[in-house]
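Trainee: What TrEMBL lists as disulfide bond is Cys148-Cys169. Under the heading transmembrane segment, TrEMBL lists 20-38, 58-78, 84-109, 199-221.
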Amino acid sequence: MPVSQGCLCVVKYLMFVFNLIFWLGGCGLFGVGVWLSFTQSEFSSLPLSFPSLSAANLLLVAGGITMITGFLGCLGALKEQRCLLFTFFLILLLLVLTEVTLVLVIHIFHDQLDSKAQKDLKEDMKMYESDPGLKNSWDNVQKMFKCCGVTNKTDWYNVLQGKLPLSCCSVGTQTCVEGWTEPCYQKARKWLIKNITSVLVFGVCIGVVQILALVFSMLMYCQILSVEKHLD
């Protein structure tokens, strides 16, 4: 076996292994997104700016794209097709650049994004009495997290004419006067960070695999080109 074909064989199987890991990682992210969607289904009437709901949708999209890209990479490695490999390389490069851009945007505009999300949630509260689904979602959030309002329990005063919803207090209370002091946005955010830390570490590992898959896809592309030239 010529040296170039031997190198191609090694790179081929290495790329296949990395893309298989990549695909499995996508399945993991998608699975966590599905789990979050089901566990937070009681909050489904809230705006997607609510931390756990936005995280669920983000994981579903990221997991789905990762699965498709990983499958394309495995197929390109097995078929040894330059066109397929180049397409995979471009899609993966675009995906990596998008991820890096998203991380930078979230890091740089962190405060602005938080303010925008809280503003959306406060606007949404105004339909508490007219929308049964929204009312149920807000009540479930406040009971689950033992919190009240978006940033403060006083958020409800303009909505309910100086009163608090019963869900701001312990179950069985006839009227709610004091209410829980912790705001729901920060409480939900803390819960999300606590429960998704391992997923973030997993995401970093997937990022490393993405970089390696990019390198191996380009190496394989060059090796196939070299073998084709040798055969000619």
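Cβ atoms are placed via backbone N, Cα and C, with glycine included.
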Trainee: Out of 20-38, 58-78, 199-221, what stretch is closest in contact terms to the transmembrane segment (84-109), meaning most Cβ pairs under 8 angstroms?
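Mentor: Between the candidates 20-38, 58-78, 199-221, the best contact partner of the transmembrane segment (84-109) is 199-221.
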Trainee: Counting Cβ atoms within 10 Å of each candidate's own Cβ, which of the disulfide-bonded residues Cys148, Cys169 comes out highest?
Mentor: Cys148
